Amino acid sequence: MVNAPVSFSDKTAASALRERLVVIGNGMAGCRAVEEVLLRDPARYDVTIFGAEPRVNYNRIMLSPVLAGEKAFDDIVINDAAWYADNGITLISGDPVVTIDRATQTVIARSGRVEPYDKLLIATGSDPFIIPVPGHDLGGVVTFRDLDDVDRMLAAADKGGSAVVIGGGLLGLEAAHGLSLRGMQVTVVHLMPTLMERQLDEAAGYLLKTELERRGQTIVTGGDTAEIVGADGHVSAVRLKDGREFAADIVVMAVGIRPATGLAKAAGLDVERGIMVDDHMVTSDPNVLAVGECVQHRGACYGLVAPLWDMCRALADAITWDGATGSPSGYEGSVTSTKLKVSGIDLFSAGDFSGGDGAEDIVMRDAARGVYKRVVVKESRLVGAVLYGDTADGNWYFDLLRKGEDITDIREALIFGQAFAQGGASLDPNAAVAALSEDAEICGCNGVSKGKVVACIAGGANSLDAVRSGCKASASCGSCTGLVESLLALTLGEGAVESGPKTMCKCTSFTHSDVRRAIVDKGLRSIPQVMQELHWTTPDGCASCRPALNYYLLCALPGEYEDDQKSRFVNERMHANIQKDGTYSVVPRMWGGLTNPRELRAIADVVEKYDAPMVKVTGGQRLDIFGIRKEDLPAVWADLNAAGMVSGHAYGKSLRTVKTCVGSEWCRFGTQDSTGLGVKIEQMTWGSWMPHKFKIAVSGCPRNCAEATIKDFGVVCVDSGYELHVGGNGGIKVRATDLLCKVETEGEAMDICAAFIQFYREDAWYLERTAPWIERVGLDYVKAALFGDPQAVSRLATRFRYSQRFMQDDPWARRAAGEHAELHQHLAEVRPFQMETV
Amino acid sequence: MIGDWLDIGSVTQIEPGNARTLPVRGGEEIAVFHTLDNQFYALVNKCPHKSGPLSQGIVHGNVVTCPLHNWNISLKTGEALGDDKGCVPTIPLRVDAGRIYLLRDAVIGKATA
């Protein structure tokens, strides 16, 4: 290993006549530039290279495999000592340049050495960014930039223990992988919610995180470092702003890089984020050039290696140009691609996948193989690609992207990769499927061949559903749905295929029922996981499926699933009802429609204090306060909480109200205590999330003053007990309830109410009220579920009460205490100065 | 030039999939969005349909669905998507070193216009 200050000098007498090219930076950019120049005109320049590191030029991007033990330093040397000698290059390493004097055209090194230049090339690269938290200067805090950093990490790994890597980007994850392979317990702390967010979308980030966790790393996303804690001048732990602390014998800071522009700035060159260069890599001084990570070209700074090669070619063309023939090529910026160098994880990202005007996503997921592919097409050109699990076509996509080729002809088959898209005549997916042999496997899950699917279709299956039930193809994971649809079209002709039940939304080929069943059967636990396992065709769903999935998961995993606020409609996110002017209305709960002076005073005080323009008595027997601004909501809730009131959930797909009449306590016709029962039912059911809003009423006699027979669940008291009615609706389409059953005691009425609600929660589609649900499934189906087995009511009611343990937590109180304050506060406020005009 | 851009806060102040608001005295309130793909956009906080507060909508891809009547608005262009017609002004935004900047003229211009 060459690892000591070295200096090679092999100047010939003729060199004095040549132009002097001095290069600051012995890294990949500086040396590549010199190679390119030598290639074009080996005799033109007398070259001197200054390097800050005391060694020859090596491939910096291969430091990760060195850390991981897959390569040795000698393997990654690009230019060994002989190269400098053979090409007559003077290498001054371990003696960095400290000053550029443009007036005298000289550079001065730390040792005092002065070197004159005709052309100066700055290739200082970039510096790792150190977040200035307390403790960042403790021993054991390292960056990941050069071989010395790798040596420090290896020394730490030899002692074992724990490592914390701050930064879950490319470099951070490669450092984490290396340290993990070297036997350390590794925690990655990443500020953003998904790993490698600049290269990956949420879906691919999720797969990566899952895989790294499976390998034993602890991945903390959304982790904001507060402090690096130390003992005796050496790091011992990393503490996050939320109070979590992770033990650390070494901390690797890999949060990003900054162009190293100090020398250039001190020399008075134009510098913004990087050193400003034109298309020929010339800075604001015509005799000073710059390449690599230190430059800013057309507004862009690059932190990857590929752009270096293009820059170096343009630079060499320019400074070896004879000034007569043609004109030198220029650098026009680079499209970059990324691959993660972590063995066993295939990940590729290129171009722009942020979508935009006219951009269209094509997504393919294969849950069984852990594959996620997404390409973005815009105006018949490929503009971006993210691949996880199968990157075989990465280079092909990147090539299409860079060349900007028109992909109209291969668009349909693009996502399947090069072999498929360019497989001769099979550009049309139907044609490609037609070309498959009879024994080609269509459905991997159930081992169904093309021949079997075609036979099933020929035997009368004329819809996707019929094929699924006939031969099981596409009945499990669904990833072959497209192939089965092609076979249906091929066998029957396009027009003869019957469309199946309505899918959940345009993002999926599955119905609501399919999705609900899959969540339970496969034990799915998060929205990205559902989207991956069920092959969503969009990266992060839409405004229809996100709230539905959030509800389905919440219903399936009470107490475990963390409610996803960003998948909630505004009213449920803000816990109030948005009005046409953007203000909100607030409805506190009044149990069974009862209230008292204390509550009424608190409401009156709120109305005056926040200048609410209107208060209205609602149809659900409570009071609605209008015109509250989102900023004031937490304060309003705090005031209402103080008087003992909680959220009325008037805004939610949830239990709304329990309307009551006065009942036997006051009414001369009353048969039972309808008010008391209504209060008990509301106390049991409040706070529960449902597929849609849910209204209950309890009437004390068949005169039915509480209108129980147009509610989702209605109780009509009679002398001998309680009639329980379900599926009523007073909305657009009025529907009177169906009689579910009659019971004798309050306790039975309560149990059946809980059981019915739970069955509705578990069975109905999101945004389906009980009325259309019962019309769809039939009352007998509901009765069978509740009464088909003597234990059914008790089982369902028990599940409902278990779920309620987690739901009956007043959301207003949590907001009033400061939870999700960001949803209520402005980011900032702009107050422009008024300019005096004369 | 930094002077042309207003620093309005840190990228960590807006959760992905959410938006925050920025009232402008004498002008239109601005909504700043952070998508699940970690892109940032700024739009006048007013749906072209019935002036609904776009900041309160569900964000998916680079689209926000207005909370009032479910119009889908492109965050990149401010234009209504699908069959709906209309456009809301966008404000040039850039992110640098973890800070969000809005083009000063576009913000103030809205205030003095």
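Glycine too: its Cβ is placed from the backbone N, Cα and C atoms.
No curator has checked TrEMBL annotations; they are predicted automatically.
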Subject >> One of A:C661, A:C741 listed by TrEMBL as binding [4Fe-4S] cluster at the site of A:C667, A:C701, A:C705 >> reply: A:C661
**OP:** Give the residue from the binding-site residues A:C661, A:C667, A:C701, A:C705 that has the most other Cβ atoms within 10 Å of its Cβ, counting over every protein chain displayed.
**Re:** A:C661
Original post:
Have the domain 'NADH-rubredoxin oxidoreductase C-terminal' (A:337-404) and the domain 'Nitrite/Sulfite reductase ferredoxin-like' (A:579-643) got at least three CB pairs under 8 Å, pairs 6 or more apart in sequence?
Top reply: no
Subject >> Secondary structure composition of the domain 'Nitrite/Sulfite reductase ferredoxin-like' (A:579-643) [DSSP: H/G/I, E/B, coil] >> reply: 26 helix, 14 strand, 25 coil
Subject >> Segment confidence, the domain 'Nitrite/sulphite reductase 4Fe-4S' (A:652-785), expressed as mean pLDDT >> reply: 95
